[in-house]
There are 2 protein chains.
Amino acid sequence: MQIDIKLKQNSYKVFINELEKLNFDTKVVLLSNARILNLHLKTLKNKIKCKELFIISIEEGEEYKNLQTVEKILNQMFAHHIDRKSILISFGGGVISDIGGFVASIYQRGISFINIPTTLLACVDASVGGKTGVNNQFGKNLIGSFYQPKAVYCQSEFLKTLNDKELSSAMAEVIKMALSFDIRFFKFIQNIDKKLFLSRDDELLSNIIQKSVEIKAKIVSKDEKENHLRMILNYGHTFAHVIENQTFYKKYLHAEAVSIGIHMANILAYHLNLLQKTQIQEINQTLQKFDLPIFYKIPNINAFYQNFFLDKKTKQEKINFILLKKIGKAIIKDDIDKNTILKSLESFT
Amino acid sequence: MQIDIKLKQNSYKVFINELEKLNFDTKVVLLSNARILNLHLKTLKNKIKCKELFIISIEEGEEYKNLQTVEKILNQMFAHHIDRKSILISFGGGVISDIGGFVASIYQRGISFINIPTTLLACVDASVGGKTGVNNQFGKNLIGSFYQPKAVYCQSEFLKTLNDKELSSAMAEVIKMALSFDIRFFKFIQNIDKKLFLSRDDELLSNIIQKSVEIKAKIVSKDEKENHLRMILNYGHTFAHVIENQTFYKKYLHAEAVSIGIHMANILAYHLNLLQKTQIQEINQTLQKFDLPIFYKIPNINAFYQNFFLDKKTKQEKINFILLKKIGKAIIKDDIDKNTILKSLESFT
């Protein structure tokens with residue numbers, strides 16, 4: 001299965017379960033971490049033919065997604081005489097693809113890179129869209145670039161070794177996309193048989209990936225640099241970022257925070273008479289089917305509100321809230337008054 | 001005077017002596033160094049109207065053009081809540097415009113930037129073309145991006161405070177462009193009255209800048225990412241980089257090394273029956289008119305030859321030499337045999 005990501009420049013394809021053999025007449029840098037290499041290097045190596053395979057393994061975890069790691073990777077690449085014709089392959093989850101894309105974008109002013117995601121979350125989210133970057137002490141993904149891969153290969157075989165939580169939590173981003181853009185896809189998700197899902201059924205996983213990538217492809221094609229439409233992909237994220245910040249990125253997986261954020265956004269939408277309680281319940285049932293949390297106890301509503309302004313997607317004094325008008329249709333609102341927001345947050349105390 | 005830099009995306013203009021008033025409804029980050037701010041901040045400030053002007057002054061010199069400085073600048077910008085709508089102005093020579101462009105390209109995945117060069121060299125070279133970047137222990141400009149400014153403003157008023165050497169040496173890059181692409185421009189340079197040049201005559205300086213930028217604009221428009229044609233702009237540089245490397249970037253200004261490199265390339269072209277001695281003499285006279293050096297004593301020819309391979313523009317085992325076929329016409333050769341190169345280098349022992 002192939003999905004075209006059409007852009008003004010540098011269009012590319014996402015291949016789902018089509019990775020048979022990759023041939024390069026150049027050196028290839030494989031960026032990954034020890035755990036993934038232990039699990040999947042052998043499988044991947046059988047699929048890659050190149051002049052020389054240079055493996056760089058970085059520490060696992062969001063806390064290593066920073067400029068220091070970037071510099072270490074760059075130094076290893078220079079020491080190994082990686083040239084401008086070489087290819088970088090990001091082989092891992094979102095952290096690997098975010099760092100790998102960024103490194104590729106600045107190594108000798110840009111070399112080609114390919115994403116081979118090994119998590120469901122990276123398949124449906126991080127590996128498509130060209131956002132690359134790292135964190136610093138001021139926040140997440142604050143340093144980076146828009147840089148497109150040459151290709152993305154999603155292979156359900158690599159998803160078999162994910163634990164249930166890693167697999168299920170990714171559904172928060174999938175549900176986010178369905179809720180924002182496609183009611184039929186949401187109905188499809190509602191009808192997913194959980195046992196089949198947890199059995200890592202190839203066909204089901206590739207359907208989920210396909211539909212999510214198709215939605216994201218459409219958005220990114222229309223708004224590569226996140227001027228407007230693409231902001232809708234932040235549905236749930238405005239809240240999630242605050243939750244992650246307040247819990248020091250330790251208590252929740254990103255997708256779990258997004259799940260709670262979706263519910264928070266929905267409660268706000270309810271206070272603005274956009275959504276009805278029954279719709280919110282329907283959404284929550286779907287989130288909870290995949291064992292996703294929907295509640296976070298806010299310690300201090302005012303502090304939570306102030307934290308919105310730390311978010312980089314927030315320009316100046318305006319906060320963009322992405323809210324559902326109905327299931328399958330999200331809108332952007334930047335004029336909600338503070339009291340309404342505070343009132344809606346009260347449900348989480 | 002305005003020159004269009006036409007690109008597939010992100011075309012922009014170079015304005016020569018047209019900076020009257022810049023109005024921004026955003027914050028502006030002004031990146032510069034103490035010396036330039038002392039000389040010209042007052043003049044520039046009178047021309048800029050914005051929401052808030054945030055000045056970042058970095059240490060002067062090529063040795064500070066590295067990732068550490070980039071990180072310091074980024075941190076100051078985050079601490080000062082510079083947002084995605086803000087504009088960065090690089091105000092200085094090549095180091096400032098290279099770092100400034102790079103910082104702009106990775107700050108929150110890219111903000112707008114403007115170049116206001118304060119050296120003749122930066123006017124004719126560094127500020128146009130979208131190459132940004134910093135050095136590391138492996139070499140020059142090895143980390144960076146292709147990122148276009150929104151506009152470039154060359155003002156001859158800022159060039160008045162350059163010393164004679166800074167002013168004259170820039171002519172190496174100007175002569176390089178004339179020799180590679182435009183014999184009429186070379187004749188124009190031959191006829192420049194040196195006294196008038198050293199008097200920093202506004203009309204003469206703006207003519208030199210205009211013609212150089214026009215040539216570079218044409219090249220960059222056709223080959224933004226340096227696939228082929230743009231390589232010709234490296235005429236003299238293959239040698240210059242080795243000279244700079246061997247003298248630890250201390251003995252020669254970059255443009256001076258380029259001047260010697262031009263002569264070295266010409267001697268190689270002579271050994272390949274491309275150029276004649278009389279042409280080389282004519283070129284040398286022009287370089288020397290601007291007090292540019294043409295000779296560097298190579299300590300060890302073999303070591304010099306090996307150093308070609310350290311250059312990042314060198315892919316794999318092939319070295320691209322840019323040579324003149326005649327004055328006004330350069331070609332790229334990657335198949336010169338080693339003995340011919342070594343023999344031509346003997347003139348420099």
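Each Cβ is built from the backbone N, Cα and C atoms, and glycine gets one as well.
As recorded in TrEMBL, the features of this protein are as follows:
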BINDING   B:60-65, B:94-98, B:118-119, B:LYS131, B:LYS140, B:158-161  NAD(+) binding site
BINDING   B:GLU173, B:HIS237, B:HIS254  Zn(2+) binding site
DOMAIN    B:56-168  domain '3-dehydroquinate synthase N-terminal'
DOMAIN    B:171-314  domain '3-dehydroquinate synthase C-terminal'
TRANSMEM  B:87-107  transmembrane segment
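Here the features listed in TrEMBL are painted onto the structure.
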| residue | record | Cβ contacts under 8 Å, 6 or more apart |
| --- | --- | --- |
| B:GLU60 | NAD(+) binding site | B:ASN33, B:ALA34, B:ARG35, B:VAL95 |
| B:GLU63 | NAD(+) binding site | B:TYR249 |
| B:GLY94 | NAD(+) binding site | B:PRO117, B:THR119, B:LEU121, B:ALA122, B:ASP125, B:ALA126, B:SER127, B:HIS254 |
| B:SER97 | NAD(+) binding site | B:SER90, B:ASN115, B:PRO117, B:ALA122, B:ALA126, B:SER127, B:THR132 |
| B:PHE158 | NAD(+) binding site | B:HIS40, B:THR43, B:ILE116, B:PRO117, B:THR118 |
| B:THR161 | NAD(+) binding site | B:LEU39, B:HIS40 |
| B:GLU173 | Zn(2+) binding site | B:LEU121, B:VAL124, B:ASP125, B:SER212, B:ALA255, B:VAL258 |
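In the three-state DSSP assignment, the secondary structure recorded for B:GLY94 (NAD(+) binding site) is helix. For the Zn(2+) site, the Cβ centre of B:GLU173, B:HIS237, B:HIS254 serves as reference, and the other residues of the chain with Cβ at most 8 Å from it are B:ASP125, B:ALA172, B:LYS176, B:GLY236, B:ALA240, B:ALA255, B:ALA257, B:VAL258, B:GLY261. In the three-state DSSP classification, B:GLU173 (Zn(2+) binding site) falls within a helix. Secondary structure at B:THR161 (NAD(+) binding site), as computed by DSSP, is coil. Around B:THR119 (NAD(+) binding site), taking its Cβ as the centre, 26 other Cβ atoms fall within 10 Å, counting all chains. Other Cβ atoms within 10 Å of the Cβ of B:HIS254 (Zn(2+) binding site), summed over all protein chains shown, number 23.
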